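Enquirer: Have a look at this one.
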Amino acid sequence: MNNKDRFLITHNVEKLVNYTNYKQLSFECIQQKILSPTMVSRIEGIAQDEVTRHKKLFEKITKRGPKAFDTLLAICQQAFPTAYLILKPNSNDNQMHSTHNPQRVRSVSCNVAPKVYSLRSPGDVDDGKNNNFASNALVEESKCILQVYPDILPTTFSVKLSTRPAETHPKVPAYPMKGRNRGVAFIVNVITFLKKVHPTRNGADIDGRNLISVFQQLGFVVFYYEDITMGDLKELLAQLKESEHLSCDCFAFYILSHGDHRKGSDYIFLHDNSLLRVEDLLTEFNSVNCKRLVHKPKLFFISICRGVQSDLGAYRLSTNTERDGMIDPGKPLPSNIATYCDMLVCYATVPGFAAHRDTNTGSWFVESMCKIWSEHAHDTDVEILMKLVGEYASSYRTEHSALQTICTEQRGFFKQLFLNPGYYENPVEL
């Protein structure tokens, strides 16, 4: 192996360990005859823990023959796409820190301390005008590249298609959802965390596959990223907001991770253990900060815990209600646009409580949503869909009888939203 290729491996060994699986890589190295079974056995005899074995494996590969690097590249291209892009940074498919294969397994070995990042500059007022990811360089520069998820995935859920537009309520208009540029789904799935500060979200890869497939069947352009940092997210959203992809009928943002509810605010843990405040995320797509999505429906799905308490249920013993005062309805309204409008925010659970995930079938929230949407999105508007999702998810129980209550919040979401999967008003242009 030449010195240039050897340096590329040794210089990026932490990343390569992070984005490959030891058992699979060692097996493939033996199969492709880069290493012998005896060599792998010696590595495992010397190194006690998997991370050290993993590093020793790459170290051993650097000492092999002239074809070792190309063979390693071929293995990574098939089994570990992100590792392939690290070793071949000039590839046309370069998309650092993202993955096109949600089925892959990875081990984690990094050293980033937990930090809480504000997406506002010091002294900014929380008025929805200053919270811009792109303008606040609070983390190191990212090399992420925005790229549409390239594969069509099979799924457990088959979306029923519409044969005609759904009937709207006579008093509630519907958002336009009949064009071929139907929507964009931006999905972030944080499965592992640097230094293993938080437990791996086993089963989350299943959520990723199901969400990609369901949104693809709904006619959405899908962007899917696993294990991204705060810097990655800022860069990707800056690119997305400048792209023509948002010239669409609808936008959906879906994030899955560990989370917490602190002093009235919800936070999401990213791969580098930084904390993303949900309110800052919503601000990034409000009428001030994202002009392309003004008057368009924006859906946000936050699949995180909002506390650690298990919901074991309770009995309601009494009800006390009061009537709030009314604003004078005769006063004329100005014609300006609300800062937050056309937004529907859906949480996996209510503040203070945990969200649940099955390691074999994925999270309750995602599984329930994929099932209900695939069966009813052809003739049911999104707010009713989420009521059905909540009802279905409420039937789940843990072995200790804990349950989960889905929570939705609308911000100026005054119209009906029918997804109309498979129905297009205009024929395909030839």
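Note: Cβ is positioned from N, Cα and C throughout, glycine not excepted.
Taken from TrEMBL, the feature active site applies to His258, Cys305. Here TrEMBL flags 181-309 as domain 'Caspase family p20'. Residues annotated as domain 'Caspase family p10' in TrEMBL: 342-421.
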Enquirer: Cys305 (active site) has how many other Cβ neighbours within 10 Å of its own Cβ?
Expert: 22
Enquirer: When a 10 Å sphere is centred on the Cβ of His258 (active site), how many other Cβ atoms does it contain?
Expert: 18
Enquirer: Express the distance between the Cα positions of Cys305 (active site) and His258 (active site) as a whole number of Å.
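Expert: About 6 Å separate the Cα atoms of these two residues.
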Enquirer: Please give the average pLDDT for the domain 'Caspase family p10' (342-421) in this predicted model.
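Expert: A mean pLDDT of 93 is what the predicted model shows over the domain 'Caspase family p10' (342-421).
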Enquirer: Using DSSP, what's the helix, strand and coil tally for the domain 'Caspase family p10' (342-421)?
Expert: 25 helix, 17 strand, 38 coil
